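Residues or ranges marked as signal peptide by TrEMBL: 1-17. Summarising the annotation, TrEMBL assigns domain 'Nose resistant-to-fluoxetine protein N-terminal' to 26-179. Taken from TrEMBL, the feature transmembrane segment covers 191-214, 256-277, 297-316, 336-354, 398-418, 425-444, 473-495, 507-531, 551-569, 581-600, 612-637.
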Amino acid sequence: MVATTAWILQILARTMASYVPFAIKDGLCTKHGQLYSMHLSNLTHWAVQMLDSSSAGLSGILSGNRYDFGNQDQCAELAVPELHIYGRYLVFSLKFSLNTTQFKEQSTTAYEKPKPGSSVWQEFLRHDNRTNEIHWAVCVPASCSSADVQHSLTSTLIPVLESNGIISNLTVPDRFNYSKMDQPIDVPPGYYLFLLITAGLFLAVILATTYHLWQGDANSEERKKWYYRFSMVTSMGTLLRTEPTDEFRAISGMKVLSMFLVIMGHRVMISSFLPYINQREMQQKVGTITGTYLANSALVVNTFFVVTGFLTNCKILKNIDSNKSINVFKWIIRRWIRFLPAYAFILGFVVYILPQLDVGPIGRYVISTAPCRQYWWTHLVFINNYLYPENQCLIPSWYMACDLQFYAMCSFLGFIMFRSRKVGLSLLASLTIISVVIPGVVTFKEHFVGVNLIEQKNFEEYLSNKAFVETYFYAHLRASPFLIGMGAAYVYYLMKSYNVKISKLQIWLIFVPMAMLMTASVSSFCGLHIAGQDYKLWANILYVTVYRVGWAIPVAFLIIAEAYTAFALCRKTVGLRLFQYLNGLTYSALLVQSPLQLYLTGLGRSSMYYSSFLVFWMSLGDIFLSYLLALALYLFVEAPLTSLQDIPDTISNWLIAICSRNVDKMLKK
């Protein structure tokens with residue numbers, strides 16, 4: 001089939017074993033390279049250490065292993081002061097193909113394993129995520145730059161590959177370039193400001209808690225003072241306080257379990273960004289039931305939208321019954337202030353602290369703080385899902401923006417319903433129908449797939465995927481679950497108003513098809529990604545039109561069933577008291593789990609073996625650590641600063657008082 005006379009990994013191993021770096025122009029890099037070659041021939045310790053830190057030979061490429069990271073720490077520790085030689089760690093990328101017309105750029109939606117009797121080069125021909133790009137670590141003298149290494153590697157390796165019928169393109173990405181001799185990263189002033197704010201909050205909480213314990217018999221009026229908000233005693237009391245009624249007990253459990261699944265889903269996604277040795281095995285699971293549930297695990301996020309829409313509209317309907325007007329802007333500002341302190345704190349951590357933490361080569365592959373540094377302001381005003389959507393600071397940053405935007409929409413609808421219930425309900429119904437149809441229209445126009453497959457890419461490349469950004473981040477494509485939650489709240493309101501009677505048998509008869517609908521909304525995706533199957537536009541349109549609805553309606557039903565009839569299946573599972581306590585940490589857990597998972601992942605030094613059980617095992621650790629850190633964030637940031645929500649009321653009362661005094665003066669005149 002081809003003219004090549006040797007397997008590419010054999011060529012690489014032989015050539016790299018004798019590789020000696022040299023500069024583009026003669027200089028210190030060339031001199032140190034010659035010293036390295038001379039001392040290596042004498043088996044001098046430091047020279048062998050440099051060779052031993054480099055990749056010795058990649059294996060498992062047919063299983064999808066494309067990375068050999070050598071030993072970064074051993075390379076970085078290399079120091080020969082008397083020769084002024086220190087270690088520099090680099091990873092070069094080599095994309096290769098055969099110098100033949102038979103090797104063409106082809107792709108299909110799924111990987112198909114070649115037959116045993118076929119040429120090995122068939123392995124690299126037909127699939128989206130091919131393995132014809134490999135990454136190889138080298139340890140060189142620190143006097144050599146990335147450009148020097150790329151020049152010397154290209155001069156050494158490319159001719160050998162071409163003589164064997166292989167054409168290739170070699171690059172040396174700067175993201176893996178590491179040496180202890182490089183100038184340390186400049187610490188920005190914001191770093192010290194962040195530490196100062198953190199220390200201030202910590203000190204305030206400790207002092208307030210000590211004072212609270214000392215003033216144990218203080219009266220209730222005394223405890224209303226602002227500084228009691230900083231006390232951990234007050235914060236823990238709020239966290240452990242149960243709801244006065246059992247009306248919505250199931251919601252706490254739904255949110256907590258959904259957060260567990262979100263953390264697990266993010267672990268799956270981050271793990272898929274990693275270099276793993278069995279990529280081919282994972283590709284063959286695409287279209288299977290297991291692969292389908294992993295690829296579509298993000299569907300659980302819609303539970304939060306349903307719950308928020310339901311509870312917000314319940315509050316609106318209660319205000320309408322009490323003839324209380326809906327102050328739209330005050331509602332939105334209160335929500336914004338509710339989110340802002342803890343969110344800003346985590347953004348500050350990612351911008352100023354995370355870059356200072358030690359990570360390995362995988363960390364430089366999966367962690368990027370540039371979006372936070374450059375586009376922090378789009379996150380703080382919650383428009384990051386529309387403005388620069390490819391630059392998300394945290395994995396759930398898009399969700400934060402959507403939540404506030406949906407809340408604003410709900411507030412406006414509530415104001416309209418207060419003025420005219422008929423108009424408000426008509427608008428709600430119209431928006432719900434439109435929100436269901438829009439994803440199908442976008443899919444028809446752009447020929448997107450129903451759900452984006454989780455492939456081996458880093459976070460930046462994933463966010464540069466147009467289909468992913470436009471179908472996952474935009475609020476107008478994700479509004480249907482929130483609006484369904486609002487509609488469910490009105491159904492619940494009518495049931496209570498008219499005292500509708502419903503038996504346990506009727507609840508179970510509805511539950512069964514709802515469970516089937518929820519299962520179908522997840523599992524039917526597997527039919528869209530079958531190896532060798534052509535893209536089916538109308539199947540994808542149908543799927544994106546109904547799959548979020550198929551999840552949202554059953555969730556709304558469970559909320560109503562548990563609240564209205566104390567549905568035993570919910571009350572004895574998601575209605576447990578434990579979930580009410582954990583629910584108070586849901587928001588903080590959402591914020592901390594993203595940088596935590598990225599940092600833990602970044603500590604890795606080598607490719608990993610990917611299996612569902614290992615990911616599940618890691619997810620359990622993620623959940624435990626996320627909630628532990630969430631408790632700290634809640635006690636030291638979120639809970640103490642909740643009093644900021646009162647600012648709109650304070651300003652409003654202040655303005656009313658000023659206006660009242662001015663009116664009184666005018667009347668007296």
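Glycine residues also receive a Cβ, built from the backbone N, Cα and C atoms like all the rest.
Counting Cβ pairs under 8 Å that are 6 or more residues apart, the transmembrane segment (256-277) and the transmembrane segment (551-569) reach fewer than 3 and are not in contact. Sequence-distant contacts of the transmembrane segment (336-354), counting only residues of its own chain at least 6 positions beyond either end whose CB sits under 8 Å from a CB of the stretch, comprise 188, 190-191, 194, 197-198, 367, 369, 372-373, 376, 379-380, 382, 393-394, 400, 403-404, 587-588, 591-592, 595, 599, 633-634, 637-638, 641-642, 644-645, 647-648. Using a Cβ-Cβ cut-off under 8 Å and counting only residues 6 or more beyond its ends in the same chain, the transmembrane segment (612-637) has close neighbours at 201-202, 205, 232, 235-236, 239, 260, 263-264, 266-268, 271, 290, 294, 341-342, 345-346, 582, 584-585, 588-589, 591-593, 596-597, 600. Taken together, the residues of the domain 'Nose resistant-to-fluoxetine protein N-terminal' (26-179) have an average pLDDT of 86. Residues 246-251, 254, 299-300, 302-303, 305-307, 310, 480-481, 484-485, 487-488, 491-492, 495-496, 502, 504, 507, 510-511, 514-515, 517-518, 521-522, 575 of the same chain, all 6+ positions outside the transmembrane segment (551-569), place their C-beta atoms under 8 angstroms from a C-beta of that stretch.
As a quick check, the transmembrane segment (297-316) and the transmembrane segment (581-600) miss the bar of 3 or more Cβ pairs under 8 A, pairs 6 or more apart, so the two do not touch. A Cβ distance under 8 Å defines the sequence-distant neighbours of the transmembrane segment (191-214), meaning residues of its chain 6+ beyond its ends; these are 223, 227-234, 345, 348-349, 351-353, 356, 635-637, 640.
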